[in-house]
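The next block holds one structure in the form of structure tokens; read it before the comments.
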Amino acid sequence: MFDKTQTIAAFDPEIWASIQNEGRRQEEHIELIASENYTSPLVMAAQGTKLTNKYAEGYPGKRYYGGCEYVDQSEALAIERAKQLFGADYANVQPHSGSQANTAVYAALCAPGDTVLGMSLAHGGHLTHGAKVNFSGKIYNAVQYGLNPETGLVDYDEVERLALEHKPKMIVAGFSAYSQVLDWQRFRDIADKVGAYLMVDMAHVAGLVAAGLYPNPVQIADVTTSTTHKTLRGPRGGIILAKANEEIEKKLNSAVFPGGQGGPLMHVIAAKAISFKEAMTPEYKDYQQQVVKNAKAMAATFIERGIKIVSGGTENHLMLVDLIGKPYSGKDADEALGKAHITVNKNAVPNDPRSPFVTSGIRVGTPAITTRGFKEAECIQLTNWICDIFAALEAGNADAVIEQVKTRVASLCKEFPVYAD
């Protein structure tokens, strides 16, 4: 029998200290990592329920374990809400992550050695889009497209040329660091020219898609994948969506279970269902609109201060800051901002002369700061602080400026708490 009065703090003070310290960090630091966000207390609560105890291999109504009648209800709700939210005919809510969702799609639609055409990691793609260090670049013959060096935009002519040359089995559209709107239909047309499947990875913009602020790829692509966190603001996890195609649906289900996973995480699936319901509210659309407004305000301020943004600005929630030619690297900028309690991530930029461990850029995103209540005024102020640190790095007197900015960050964070007590 469990002791219901027992607390984590009393039983495991080391873990409790880690949890508390991370909570403080989230409250006292400004989070600008584009893939991070703060989930609602409801989403967090669902993940701490007794659903975590239940094994449920299989799918609703067709399980390999007994006693699944109630977790079936949770998963069925998650599936129907996902389909409604994104206009999909099919949804699989079991993938544990976006990468595992992508892995399942590769397994369902391609065979080892098949050619896959995806966006280069160095130009804003994702590891699972064919990077050599990833399964997608090891098991499959990965061909990579990128950005036009003059415009900083996806070079659709290059995509078409590569598709005609290599005849891929699947084309992957999507990104982890691209600030403009992708033309899903152009990708569809190119895929149709060569008889390829089209997979869209909308992990970064799923929240914007749900709110109607970014084109919806679900009825254009053969298969669409996403994370359920990032802009969508749900629990950490993945999802697969598709338009009606019974053959592909069967392949996708088999690729997730038993192909790649065993028991689904029912407590996380319940949290996904809650986040999908949250995404159907008017307040959620207001939030996503503010995410884009904040990103545009930050990009404009960077440009005004003489800092280059890849692609010349942003039409979504993120931007890639190009530091090529600066005496400091992306790693230097990341570390300096971290000392001021501003969290970003170093990121390679197109034609980056530095190594992936150093880089010449940083990626900046607005989902988390918008969740805590920042609007354009705070974002402009914050961007100017970042530019002040950049200028100080260039001048060689960063320490004093970092301390000044750190004090201002502390004040701003107190004004905009993430989780008010």
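Glycine residues also receive a Cβ, built from the backbone N, Cα and C atoms like all the rest.
Annotated features in Swiss-Prot:
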- L121, G125, H126, L127, S355, P356, F357: (6S)-5,6,7,8-tetrahydrofolate binding site (BINDING)
- H229: site 'Plays an important role in substrate specificity' (SITE)
- K230: N6-(pyridoxal phosphate)lysine (MOD_RES)
Looking only at L121, H126, H229, P356, F357, the recorded positions on record, which one has the least crowded Cβ, with the fewest other Cβ atoms within 10 Å?
F357
Across every protein chain in view, the count of C-beta atoms other than its own within 10 A of the C-beta of G125 ((6S)-5,6,7,8-tetrahydrofolate binding site) is 24
For the residue listed as 'N6-(pyridoxal phosphate)lysine', just count the other CB atoms lying within 10 A of its CB, please.
27
Span of the recorded (6S)-5,6,7,8-tetrahydrofolate site, as the biggest CA-CA distance among L121, G125, H126, L127, S355, P356, F357 in Å, is 17
List every residue in the same chain as L127 ((6S)-5,6,7,8-tetrahydrofolate binding site), at least 6 positions away in sequence, whose Cβ is under 8 Å from its Cβ.
S99, L121, V133, N134, S136
Can you tell me whether DSSP puts P356 ((6S)-5,6,7,8-tetrahydrofolate binding site) in helix, strand or coil?
coil
In DSSP terms, helix, strand or coil for L121 ((6S)-5,6,7,8-tetrahydrofolate binding site)?
helix
Run through the Cβ atoms and count how many others sit within 10 Å of the one on S355 ((6S)-5,6,7,8-tetrahydrofolate binding site).
11
Under a three-state reduction of DSSP output, how is H126 ((6S)-5,6,7,8-tetrahydrofolate binding site) classified: helix, strand, or coil?
coil
